[in-house]
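Features as listed in TrEMBL:
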SIGNAL    B:1-25  signal peptide
DOMAIN    B:131-228  domain 'Fibronectin type-III'
DOMAIN    B:229-328  domain 'Fibronectin type-III'
DOMAIN    B:334-431  domain 'Fibronectin type-III'
DOMAIN    B:523-617  domain 'Fibronectin type-III'
TRANSMEM  B:625-645  transmembrane segment
REGION    B:719-762  region 'Disordered'
REGION    B:777-808  region 'Disordered'
COMPBIAS  B:777-790  compositional bias 'Polar residues'
REGION    B:884-903  region 'Disordered'
Amino acid sequence: MATADSSSTALRRRDLCSRGIRLAGKMRTDVVNLLDAYVEQQGLDASASVAAVEGVPLAAVERWDEQTGTQRLLENLAAYRAFRALLAQMLEEQREQLGEADAGLGRALAAVLLQVSAFAYHLEELLRLESRGIPVEEGDGLPPPPRLSLFEQKLRGLGVLRELSQWATRSVRDLRQLAKPSPATDLAESP
Amino acid sequence: MFSMWNWVAFGFYLVLNICSPDASGGLVQSCGHIIPESPVLALGSNFTALCILNESCLDFGNIYANQIIWKIKNKLVPKEQYREINKTVSSVTFNDTSSLATPLTCNILADGQIEQNIYGITVTVGLAPEKPKNLSCIVHQVSRFTYVMTCTWDPGRHTFLDTQFRLRYSWPEEIFPDCIPKDVNNSCTITDIQFFVNTEIWVEATNALGKAESDPVVVDPIDIVKPLSPQNVSVSSGLLPTVLKLSWENWISDAVMTLKFNIRYRIVGDTNWMEVPSEDTASPRTSFSVQGLRPYTEYVFSIRCMKEDGMGYWSDWSEEKIGITTEDQPSKGPPLWRIIDKSHSPASWTVHLIWKALKPFEANGVILQYEVTVRDKSSLSSPVKNYNVTSTNHTLQLPEGTYEVTLIARNSIGASPPSVLLIPASNSKAPVKNLRTIPKHDKLWVGWTAPNNYVLKYVIEWCLVSSNSDCIIEWQIALGDVQGIDLKGIKPFKCYLITVYPLYADGQGSGQSVKAYLKQDRPSKGPTVQTKKVGKAEAVLTWNHLTVEEQNGFIRNYTILYKTIDGNETVVTVDPSKTEYTLSSLTSDTLYTVRMMASTDNGSRTGPDFTFTTQKFGKGEIEDIVVPVCLAFLLIVLLGVLFCFNKRDLIKKHIWPIVPDPSKSNIAQWSPQVPAKHNLNSKDQMYSEGSFTDVSVVEIEADDKKSFSEQDLKPFDLLKKEKSTSEGHSSGIGGSSCMSSPRQSVSDSDEGETTQNTSSTVQYSTVVLNGYRDQTPVQVFSRSESTQPLLDSEERPEDHAGGADSTAQRQQYFRQNGGQDEFNTDRPCFERTKQNTHGNEGDLVGFVQLQISGQSSQPLGLGMEKNTQEAALSNVLQTCTEGQTVRPETVEENPLSVDEMPKSYLPQTVRQGGYMPQ
């Protein structure tokens, strides 16, 4: 019975990893496309330097290959929860600024937001499979974001999308790593 | 009276109560209401409605619940369905709502007379929605980044109510807006679909009677995608003549979905597609090289794709693209054959070399020319002849011998392998055996048994047999190891002559032929039969064979059907090779109807009917009857002749009695010199001197039915003896009475101008003056210009003058046969005058002339006279055969009396006081 359960869990895990990988890949593609549309629509320079977005863990990390699976999942979940909030805020700001003038950009932002939400759901499911508690989302407890100027909002949005594309790339690698055999070892090593 | 006014007031109150506006601004309260108000009911369920009366109405008009009646659309509901709950509430119950209709009204029947409506409700009957079934979804790619998901389902039965369907979908932590179908109730399209997340999809149906949900479908939309087909497909030829490279672009990035492909291709003009093995194209790619193609062949390509793992749907096939492979050298030599014409001279052949153009997949390019080489095998010293030909035939004049012909086809790349044909001096090798055909659908299979020797190949010739055109030969070559081929292009109902030749390494076998049909039908017409000869009991029938176009199959037999008009039909089957048949045992002198039927394996056709009548007598039967009869007749005649010959004297005595020749009588010695006093001018005019030189008239009466031989001479004796008694009956013109024998008279001439030699002329005259019965006698006279002198009494002129007035004279008649006057005095009988056979022809001429002249119209005076003579003469010509008296027709047809005036010309008629010719 235990064997059957573990087998079923393994299949579910593999399926979630596979689906997550493809979702991350598609998300990356969509974000890249959205970045181009965003830069053009907002009148920004694609090569403009943007400071790190506050509240979002950096995708780039040292000793990435030494991370455990759970560690990867938790970092990913934290990042995508942050992205979900940021993208929702961007979408609201977008609607305030442009109304229905550029519905295409708004639809693309909404689509990416959905993908981020979906990916966060994938991560949560994977954590559940690994019998790990899901950290409580702290969004409601956070102080409201500072009021930014319109240009700052645009720059922040550019930074969010750039960081999201990087995280999408990293997430694909993380999930592939998770999908590799003997994940139990990794999980056992996790704190 | 009071009651009536009371009810009127009540009715008025009710109307006011219902219709008057209330002080509060609305309608006044009605006298009651129905519960429930406008219900929606399930079809087939039971339903109870309550009508509740207001207390105010009770107070005024004594209205109670027992007076309530229910109506459905003005139709009274049976009171069995009512129930009075209390004095203000009445209920009605329907066991099946399907009998309900709108509106349902509550009415008051006041005092059993006035019906007044209290309240009405609208009833809606329908069904709760069924659970939607068969929910399925498909994600269509509409552009590079746009996908829509369309879900369809079975909405279930019709509810008769306004039912809303909603397509709902959600993620575990996210619920999306419902998709509400427009104009339909069984499908909806979601536009903002997201991949890689399992989505729960279901359909919810809702109406006034309830709500139903379908079973949910949980699916990642990426697994139900129908992608767009690859775009910008192009085909390019490679270095090899059997390879074409196919390139395309995909609409979906690999990040979203990796694809696998199907590639199909076909030769232009062919309808059958071929497919590249799916395992060769099961991985993502944008190009593929298709191999194993035919050189110099146009191919059509098409491609489609789907998700690599097989989930989802295949895209539509892409647009078709055409590519052509490069040329290659011909793969084989053209099939070669020959037709040898030896008709001019057996020693000199006209050889028609014919070959078939290579098929495109054999030619591998454009054939530029054919190279023909002819080598004389019988003479090694003869040079090899080469011909370059662009057509597919070549004619050679060759002496009889053995030749080897080689043919090569050449295109821009190279030459084909050679085709070699050996033309032997004679086809002396073994032929094929057991040649046969079997129709197979639209093909005709020709099979044979191979000869014992090794055969290189077979040549099969066939041609359409026609009665009005030559057989145009088609041919085909089969390899030596086959023993049958299918002939294509064979028309049904047509006769084909098929010949098979085996070709050996060192010669050729003689051809074996067979006729065959792909499909047979009944003949298009029947044979036309006719008789060649008809006898008494047999008839020979002939017919022509049907033409090959009319046969439509092999004629298996002819059937002759013949019958009489009312008889049974007899059927005779005849071999198809015959064109003639003899029907026997027929009934003589009978009308027969015969027709003929030609039969093939697939039916028969009858020709037109032909009728003939058998003869009454058979051949020789008439001869068998006629010849003996004739012979018997001839024998009788011969015997009769012999008998007559033996008895000729006796016969002669009876037929030709001996007439005494007056010239030899003693009185002939007397030469009268007294000229005739008769006025015979007209006669003299008619008969010239030369025409009547000697006329003798002898009349013989045979009334006594006795032999003339003995009695012929008696009258003459009597004449001599009883001359005086006969004078009273003699006419005035030298005539003699019936009692008298021919009497001698002397023809006279008043003018004395006649040159007749009276001494040598004896005139006989016969005068008949007699009436028929009581009629006026017809005066007839005839005269003979005999030179025999008249008797004395006849010379008396008073006899002539008083003849007209004397009744006695009028009844006289002139007879030669004496002794019969007692019987004939009262009838104008003038027996036939038997002319002497010695009478010359001039006599006859004279008679004829006299008769003809009498028919001409002449002045009355002369005509009367002439007609009298004519009548007399015609009477002379009347006959009394064998003693029977024949009355002259002129007399008989014109029986005249004294009182009657003839209405027509009657020269014989003499009236008193009229002119009497003398």
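Heads up, the Cβ atoms here are built off N, Cα and C, so glycines get one too.
Residues 651 of the same chain lie 6+ residues outside the transmembrane segment (B:625-645) yet bring a C-beta within less than 8 angstroms of a C-beta in it.
Across the domain 'Fibronectin type-III' (B:334-431), the prediction's mean pLDDT works out to 89. For the domain 'Fibronectin type-III' (B:131-228), residue counts in helix, strand and coil come to 4 helix, 50 strand, 44 coil, using DSSP. Secondary structure of the domain 'Fibronectin type-III' (B:523-617), assigned with DSSP and counted as helix (H, G, I), strand (E, B) and coil, comes to 4 helix, 46 strand, 45 coil. Secondary structure of the domain 'Fibronectin type-III' (B:229-328) per DSSP, as helix, strand and coil residue counts: 4 helix, 42 strand, 54 coil.
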